[in-house]
Amino acid sequence: MYNEDINKLNSNFDSYRERLTNFSNEFELGLFLHILRKNFYLVAIIICVALVGSYIYLRYTAPVYEARTIIQLSNKDNAKQILNVNQFYEDNTILAEIELMKSKLLVTRVVKQLPLEISYFEKGKVLTDQRYPTSSFVLELIAIKDSSIMDTPIFVHFNKDNTFQLKVGERNLGEQERVGKSVSNKYFDFKLLIIDANHYKRVDSGEIEFYFKLNRAGTLASSYIRQMGIKILNSTAQTIEISLKDNNPGIARDFVVAHSSEYIQFDLENREKSAKSILKFIDSQLDTVYQNLRDSELQLNVYKKENKISNLDNLATLYFDYFRQFEDEMVLVDLETNMLNQVLKAIDEGKDDGMNVYSIIPLLTGTKYESSIATMLDKLRELLVQREEIQYDLKETSSRIQSLDYSINIQKNLIVESIKSALDKLKIRKDFLESKIAEYEANFGTLPKKELEYARLKRLFDINEKYYTLLLEKKTQYRISQAGYVPENRVLEQVISSNEPISPQKGLITSSAIVIGLLISMGIIIIKYLMHNNITSLSEITKLSNASISILGMIPKYKKDIPTSQLLIDKSPKSMISEAFRSLRTNLQFMGEVNPNEDARTVAITSTTSGEGKTFVAINLAGIIAYSGQRVIVIDLDMRKPKIHLGFDVDNIRGMSTVLIGKSPLEDCIQHSKVDNLSFITAGPIPPNPAELIISPKMKEVLAQLKKDYDVIIIDNPPVGLVTDGIQMIKEADHPIYIFRADFSKKQYVQMVDRLINENNLHKLSVVLNCVDIDRNKYGYSYGYGYGYGYGYGYGYGYGYYDDSKKQSDGSWFNRIFKS
């Protein structure tokens, strides 16, 4: 039998848990809106905090300005079309040009073009403002003696006597000096001048500190590279946008203007440098060949004059033509060999100078190896430029520089091996030509001696003439190509800037603060909704219960604070709360008529725990029944924590405890209230054994005697969730009533009612929901069963049962926030 009871209890618990889970998964809009309304102040506070945070952020964040310029890249080589040769310069891709624009090499040149050798700052309580292009004071720098002082903030403390003191941190740099006087210390020589008439007024305010920095161009360049933005607008049109973000709009604007100008100038300088190198090589060759040509021409003319030779016969002419053909080809082989050797020499002498290597590319024009070797040389140049850019920021021992050095050596070796292979092929070709020339020279031996000598001199002259003519053609070709190449890199838009900062954006930050505040507050409301575990409506009780629970009614919340449970229906007989108790009285009459001709009916009231309002309901229900003319008596059997004497404002010297132990007569303990037909018996002094007193035969005798004098007996029982003292009275009562308090009683308390009904066969047990906030109906939340009154009340007593001295705390700040 015991096991069957245990299994039944477990089954009921599992069924209850399933109902609780299903019920919690149903979204209740009314409950959510109620929690939102109840915590609306929290939403307002969080949004206000977010707005204050956004204001502080906007107030104390330095504004960022942006300036932009647009450049179009265009490299045309008209000589390529005129001469039908490959262009002298390999086309750089857009990405390669972008790398050049962001390179430290170019940005350093830009920095040197701007008045940024000395930066001036004014430091406020929170923000620091860079004064550009001038400040209220300027420094005329004469010489820097110790470069360690550079890139260091040097504060200037001005005095009223037109003197100043320089400081780095807490350390003074020299003595106090006079404004406008040349100053020399161990770091630098300078003169400080005041150029703003209002400067000393700002000094006197005491809210601004002045300092300056002597800048290294490389350090500034690294900083601006991080602030730069370069993007391709149109790859087909080759348009690029260059931008800079800075806290000073003047710096941003001047930087992009100087950058576009310096980029175009840098390109022209490289072209000019390359041109000079190439022309110098060609001119050196022309001088030598021209001298050889003059010598051979003079020898030929002298020989013809001395030997009176006018022409050769046909055979000599034929041999001479063959000689000339082979010699012409020999000249080309020698020229190509010369050019390739010159490239090898440039690679060896150029070391890390990628631009010198790159300038030799035009020497390959017209050769068979122009395309492949020039491409490898351009790749070598790119690697060298990359190494030059990062060597300012990294040590020589860094892995990245070592990796680049390795790639550079590999590329150089590939170029050298390619050139050597080409030279080997040229040598084979030259050997072949020399063998053919030797063959025809042997045939010339059969010719007359004079003709043979003449042919030799003529062949030497033709070789020099051909070589000289070829060099002139190369020089002409390059000059035409140089003239035809027009670097059409042009600025499409000089500068695009605004006096309004791009960040922080006031509108965006403010709206974001509101949205974030709403999201956080809604998150808290949702968490409160999910964590909400209190009974709020009669419909929840019926959904959570496995047993068939009778709903007796509900009592609205009383808006005013009262110190403890009191009789309120006599003070406000026409109020909503009085109407609620009249409704309870009517429902009790439907359950069983109470009239003077029958035995008195007993009403036993209990709850799960203290604080749910059972004493309040007992007192006021007794009062409303007494108003109907019936004689009512209220008995306080909650002897562990009595409240009836507080409700009627009397002492608790004697009562049920003294009656049940035979210490006091019943008649002496019956007291009368201000309401006609309403009497009550207090609990009396707290006994050590209240449970035994309640189930004692004396209790039955007391009830039997009271039934003779009263029509209704209302018993205020102990909470059955804490002790079992009142269960016997609940079982024996004509109308057992179980009290739940809205927004206080936990949903799992319904299980206690199910257990009482099932274990004690208390199917006549009915439920009253107390302290209901009717205002929720305004937000669409229904309590069911038609018990809406729009009225309510609040309690001032604690929720503890045994320990009155221990006051319950709201817990941590987290619990206070999420307590719903």
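Every residue, even glycine, has its Cβ placed from backbone N, Cα and C.
If you average pLDDT over the domain 'Polysaccharide chain length determinant N-terminal' (25-114) in this model, you get 79. Annotation comment: TrEMBL describes 25-114 as domain 'Polysaccharide chain length determinant N-terminal'.
Residues 504, 506, 509-510, 512-514, 516-518, 520-522, 524-525, 817 of the same chain lie 6+ residues outside the transmembrane segment (40-58) yet bring a C-beta within less than 8 angstroms of a C-beta in it. Taken from TrEMBL, the feature transmembrane segment applies to 40-58 (among others).
Non-local neighbours of the coiled coil (416-443) in the same chain are 319, 322-323, 326-327, 329-330, 333-334, 336-337, 340-341, 343-344, 347, 368-369, 372-373, 376; each lies 6+ residues outside the stretch with a CB under 8 Å from one of its CB atoms. Residues or ranges marked as coiled coil in TrEMBL: 416-443.
Residues or ranges marked as domain 'Tyrosine-protein kinase G-rich' by TrEMBL: 453-529. With DSSP states grouped into helix (H, G, I), strand (E, B) and coil, the domain 'Tyrosine-protein kinase G-rich' (453-529) comes out at 56 helix, 12 strand, 9 coil.
When Cβ-Cβ distances below 8 Å are used as the criterion, the transmembrane segment (508-531) is approached by residues 31-32, 35-36, 39, 42-43, 46-51, 53-54, 57-58, 817-820 of the same chain, each at least six residues removed from its ends. Taken from TrEMBL, the feature transmembrane segment applies to 508-531 (among others).
The DSSP breakdown of the domain 'AAA' (601-723) into helical (H, G, I), extended (E, B) and coil residues amounts to 45 helix, 23 strand, 55 coil. What TrEMBL lists as domain 'AAA' is 601-723.
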